[in-house]
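The structure under discussion appears below in the form of structure tokens.
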Ligand code: LLP
């Protein structure tokens, strides 16, 4: 018997399929099989999708450096997939550096950034010989220089505020003057940092960096930033006679969370931004810098899906609440940014029509909502399993143990098999950290 299959895409990973007999698969592995093996709640990550997106970036920007932003999602398996795909890695903490290095991610391809790197982080970054460190304050310049041993030079980028506002919500807009990241051109802070770094014999200034914000779906702000940053490179050239070879435009590439959502078109981004850099550099008589981009969400986001089991269905006056066995501890994004998701029933078919329900978590907070007013079959009941799309980026990495809940495992699907890559947190993990009385 042939079973009709619906190819998913949109917010779902490249190998996700919904069969008309109710079976949903990723990489040909039925999701219910994964649920039976590993329990719920659970994150599934599609290795094929990650690799396809990494390759799509390399194909669209063959001359640029693609540095995956580890903060979106990092585990050892992810680090090694990206390493074999030839990507670089943008890390922002000692922990991300440790995970990457534990699987031999080449240090030369690591970029370390952060607005307030601790002394330990700077020490580890230099000791591990990371390829570049992004200077984000004047304070850190002499601190960093003092850590570099004689005979060694640490390559650095300087993070500049491009003064361009873009991004989904105020919490993730980092390109304007009134936020904590980067050095201001307007106040002279950026220029001062450039002079100071150039005076440090153990530091080698290789370029400028900026990051506009997150979940940006239009190319235009990136084009504007590219032009503005080339102008800043030209300023360095004019003042110091140094043509810096690299231009890092950060990440922030938006994805679709629900069908019909717009996303950043990577090919259009590549064409227009490359053109903007070349054109502006030519206009200023400046050598064309090598572009670096730092996508996180656009590589990991749609590769991930969260699976929950329904615990209860409650009809309220205004809403029907479908409560599941996870919530804001594995997905704080609706509470933090008002993010919206697509939810699907998996594991069985339903002949009932859809009705609007609100999917909520099991935490002790009214704001613990996963998806408000989403369609699910009218006969949804306890024991059902639901899948939430596009949870590969900023879900596991932002998960907490709120209410002393154990963080879910991550199961990777690749080569037709599901395998555990991050185990579920146990009660023992929780009590072991609490050294007690
Ligand atoms: N580069 C830098 C310097 C960044 O600060 C970030 C994200 C990225 C790259 C990657 O951005 P992406 O391409 O993934 O948008 N927790 C928020 C997102 C915070 C992003 C912080 N920085 C969320 O869940 O939407």
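First residue shown is number 1, and so on along the chain.
Each Cβ is built from the backbone N, Cα and C atoms, and glycine gets one as well.
Unlike curated records, TrEMBL annotations are generated automatically.
The domain 'Orn/DAP/Arg decarboxylase 2 C-terminal' feature in TrEMBL is assigned to 43-392.
The domain 'Orn/DAP/Arg decarboxylase 2 N-terminal' annotation in TrEMBL covers 49-300.
Under DSSP, residue 71 (N6-(pyridoxal phosphate)lysine) is assigned to a helix (H, G or I) in the three-state scheme. Summarising the environment of residue 71 (N6-(pyridoxal phosphate)lysine), the number of other Cβ atoms within 10 Å of its Cβ, over all protein chains shown, is 22. Per TrEMBL, N6-(pyridoxal phosphate)lysine is recorded for 71.
Per TrEMBL, the feature pyridoxal 5'-phosphate binding site maps to 252, 294, 295, 296, 297, 394. Within the same chain, residues at least six positions away from residue 294 (pyridoxal 5'-phosphate binding site) with a Cβ under 8 Å of its Cβ are 67, 68, 69, 90, 111, 211, 248, 249, 250, 251.
DSSP classifies residue 364 (active site, proton donor) as coil under the three-state reduction. Annotation comment: TrEMBL describes 364 as active site, proton donor.
Proximity of the recorded positions 295, 296, 364 to ligand 1, judged by a Cβ distance under 6 angstroms to any of its atoms, singles out 295, 296 in sequence order. Shown in sequence order, 69, 71, 72, 214, 251, 253, 298, 299, 300, 393 are the same-chain residues outside 252, 294, 295, 296, 297, 394 whose Cβ sits within 8 Å of the Cβ centre of the pyridoxal 5'-phosphate site.
By neighbour count, meaning other C-beta atoms within 10 Å, the densest spot among the binding-site residues 252, 295, 296 is 252. Residue 364 (active site, proton donor): 9 other CB atoms within 10 A of its CB, across all protein chains. Considering only the recorded positions 295, 296, 364, residue 71 (N6-(pyridoxal phosphate)lysine) has 296 as its nearest partner by CA-CA distance. Binding-site extent for pyridoxal 5'-phosphate: residues 252, 294, 295, 296, 297, 394, maximum pairwise Cα distance 15 Å (rounded to the nearest whole number).
Long-range C-beta contacts of residue 297 (pyridoxal 5'-phosphate binding site), restricted to its own chain and to partners at least six residues apart, with a cutoff below 8 Å, comprise 69, 72, 214, 215, 251, 253, 254, 255, 393, 394.
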